[in-house]
């Protein structure tokens, strides 16, 4: 019997070994796979266990965290949610994150490895660093001026500082309150469904995620290409252009909204926004040089990040001469984000140089110590400095005595360009009203702000839609807000 | 067996080693030291939970420690008085596992403050220790039990069948509810059946061993002795089908096969037992959707996630173990509560695995292993077949039960509802396990005394 007892004991020992081996398999070998399983809620719980870091505008947080005491403990809150939604995006327990909340998530949630006091420290202690803060470049006065200006309309505003590329304002209207999506309850789900079903698409960040035909504002690019290429030697020489202009190789006749465009000088054509002159100028400059200039402004760049992705602005280069003529006046396949058009204005104001736009000035730890700074951004030459000087004059003329007079600011130097872009099937859609401009304070050495405004449905009355009428006053308000302090 | 086992020799001061005389005080001193350690560890765990959750030592720490300490001390004094030669390990192991179970249940209580289970468990633990004390005091010789075989088996069958009359709880008819208390009579039946099996096999050992035919290496039993075995098999299957309690059924059958093998040494019995078991399992797996579902979940624990129905309990349990890693998250810092239903009972081990890690879990398994080993050692040391079989049977109950439930929640075998001895919430289980430990203490003391007589002769 003793031998059998020993055998039975051996059997029990085998059971023990099987248990130990299996537990090692579950807890060590397969642990990572189990932890990464999307149905495993532990990561999510840990993520919301501590308050999220904040996004700061001019030193003040525009975000916050609320302790709900629930399983997923902290919920995101927003101060002036709709105003800053195109900057912050949302941070939802149910629907993930967007915009800065998304690109800076590691820092805000405290998960970023570089926040750890020592490498692998958090993994070892199973702790999580407190979330850091993101300091943005946004100027709250400019942001609010743009938002108020667009109120009850539909459109977007982007404003940058030409000398640095700092984004001063990023506004999209209609907007939404990202706080509605923060939680995980029924209200969040209802808001999600409602916002997604809204035909006005309030969650679309029109300033960077949507492209519009830039219309006449693109004439700045065409003029720069023509001047750089020497197609036009003197802005006050007649350009030898007909009115109407028959598109090359077709019988389509292009006309103007304004009078006196036949054989106008570049200055007159720019100030009065003559389609015929710029269409012909684009064709004379040629697709290769148009492409080179447009791309040096940032068109066709598919990887612009500020740090979230910006929809690529396009200038179609596989075009015939008729299409090139239309492309040169910002129609056909030419499309731009408001941010891209603000960069166009900034290039003129900045002596022909374009700086990559950016939204994050600096990131800090919870205690305030700096984690990273924006540093100086790469510079691109969009046009010859002499060309920039002449374009500054042309843009000033538009504000002084052309289509953009409503953007004038007493005591400041302001340059601008209006645009009214046709779109839709057979140009049936309500045209987009554009205005791009820059402003330099009376005592300043250089322009302090460049801004682009697009209004999607400026007015019910089609005739009143014009960049100069509806978009220019908004641009002026933004520029004033930047110049004022 | 002329003197004590090897454990005693290592535990004794070397200067006294040559003496064969029993030194009960030495064994009891070790036991007391280990009990103090076990209580201290439990109180430490209790404080760790409070510190992790609220940053303070929980207000009940002193009371909890004192309560557990008094219980352990009472049990220790009973052993010291009536079983001075007993093995010093089973009681401290029981105290430590019971204390740890209370800590884990208290920790899980914090997740849902509405329904505390720890105080009830403490009351049941006290009842368990009372039963332990009573058995050690009253049962002076284990052979007394041999005279009550029929009473044992009758009581066991009654306890097994009673729950069928009560409504099913969560698909299983294994509870009876009286005056607000839930009792699982099947738990008590385990000990009674072990006594019956041991007595029956001790009496019929020769008949089972030496009759029947030999077919190659298989030794087949005759029809006369086959009857009781078929009866046990039928009872097991009946429990499974009528009460839907796969775990208990498996345990009874395993226990019987082990004891049969130990009693007769016939591998044929094991072959027959496995054949019957697999027949029963296949039939029930086919017929019972409840059991069939368990097997599916075991084979594909994450199927419900892929089907978009959310994680199954087994998947949540595996997540909890995985989160624990090697060192665990620390007591009070895990999220095993995501398992949901039965997290304090069947799935209590997942909390241990997540918060104590592979290290803590291995320690717990080794404690059970040690308890089983002490039971087998008593079985080896005893002289009478009944005592040997009883010791082996009781130890095997613990071993099989730990394997079935621990293997179930870690995905080693299909999950069957069963209580982790001492750790899991459940009064009947705690009381039963204290009875098992009491019997092991008594048997080890008997073994010592039988050994002494041998030495004197």
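Cβ atoms are placed via backbone N, Cα and C, with glycine included.
TrEMBL assigns the feature transmembrane segment to residues B:32-55, out of the candidate ranges B:32-55, B:296-319.
Range B:188-204 is the one annotated as transmembrane segment, of B:1-17, B:188-204 (source: TrEMBL). The largest share of C-beta pairs under 8 angstroms with the transmembrane segment (B:91-108) comes from B:419-441, of the ranges B:61-79, B:248-264, B:419-441.
Residues 93, 96-97, 100-101, 104-105, 107-108, 313, 316-317, 320-321, 323-336, 339, 398-399, 402, 405-406, 409-410, 420-421, 423-425 of the same chain lie 6 or more positions beyond the ends of the transmembrane segment (B:347-368) yet place their CB under 8 Å from a CB of it. Long-range contacts of the transmembrane segment (B:419-441) within the same chain, counting only residues at least 6 positions beyond its ends with a Cβ under 8 Å from a Cβ of the stretch, are 79, 83, 86-87, 90-91, 93-94, 97-98, 100-101, 104-105, 117, 120-121, 123-125, 127-129, 131-133, 135-136, 139, 142, 181-188, 190-191, 344-346, 348-349, 352, 364, 368, 371, 374-375, 378, 390-391, 394-395, 397-398, 401-402, 405-406.
Here the transmembrane segment (B:248-264) has Cβ contacts under 8 Å with residues 174, 186, 190, 193-194, 197-198, 201-202, 205, 208-209, 229, 232-233, 235-237, 239-240, 270, 273-274, 276-277, 280, 385, 388-389, 392-393, 396-397, 400-401, 404, 416, 418 of the same chain, all six or more residues outside its ends.
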